[in-house]
Amino acid sequence: MRITQVIATAVILGLLWWHSDSTTPKGLQDQAGLLFFTAVFWGFFPVFTAIFTFPQERAMLNKERAVDMYRLSAYFMARTTSDLPLDLFLPIIFLLIVYFMAALRQNAEAFFLTMLIVFLSIVAAQLGLAIGASLMDVKKATTLASVTVMTFMLAGGFFVKVRGISCFTGEYLNQYKQNYES
């Protein structure tokens with residue numbers, strides 16, 4: 001299901017930004033919008049996928065932990081490691097589709113830099129895991145994640161330049177700000 005979501009989103013974005021022109025101010029603005037949307041997508045998608053991890057596996061995890069089958073850290077590391085191939089594969093497929101359909105800068109350095117920025121956005125998935133594990137309630141976790149991600153997104157610099165409250169917006173922790181300034 002996740003693969004279908006990612007491919008469908010990539011194709012829609014590719015069609016909307018089909019061969020956008022980076023030689024005009026409007027074209028550059030369009031491409032900046034595409035890149036910001038990509039950062040937003042890869043900020044939201046992994047967070048909300050990860051939120052459901054712990055609450056769905058809570059009963060099994062509690063049962064296995066009750067008989068000391070393994071430590072919680074071992075479960076977390078095994079879960080993270082086993083999810084890593086798909087967590088890396090999906091953005092690669094997404095970016096291969098979007099990047100070339102939208103005709104973004106056609107050189108290897110720009111492509112791999114964009115890929116790196118998308119990978120950094122995936123760190124947001126850890127925020128989802130942390131929220132899901134700490135609250136263990138899908139509704140509460142979804143609400144908290146929505147507010148947190150929206151705050152970071154709005155303070156990321158694309159919509160408005162936030163001045164004077166950098167400690168509030170987590171200037172150095174805000175992946176949207178880091179992506180937009182890249």
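We count from 1, first residue shown onward.
Including glycine, each Cβ sits where the backbone N, Cα and C put it.
If you check TrEMBL, you get these features:
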type: DOMAIN; residues: 1-165; note: domain 'ABC-2 type transporter transmembrane'
type: SIGNAL; residues: 1-22; note: signal peptide
type: TRANSMEM; residues: 32-54; note: transmembrane segment
type: TRANSMEM; residues: 84-104; note: transmembrane segment
type: TRANSMEM; residues: 110-129; note: transmembrane segment
type: TRANSMEM; residues: 141-160; note: transmembrane segment
Positions whose Cβ lies under 8 angstroms from the transmembrane segment (110-129), at least six residues beyond its ends: 35, 38-39, 42-44, 46-51, 53-54, 76, 80, 87-88, 91-92, 94-95, 99, 104, 141, 145, 148-149, 175, 178-179, 182
Long-range neighbours of the signal peptide (1-22), counting only residues six or more past its ends (CB under 8 A): 28, 30-31, 34, 37-38, 41, 45, 49, 86, 90-91, 93-95, 97-98, 100-105
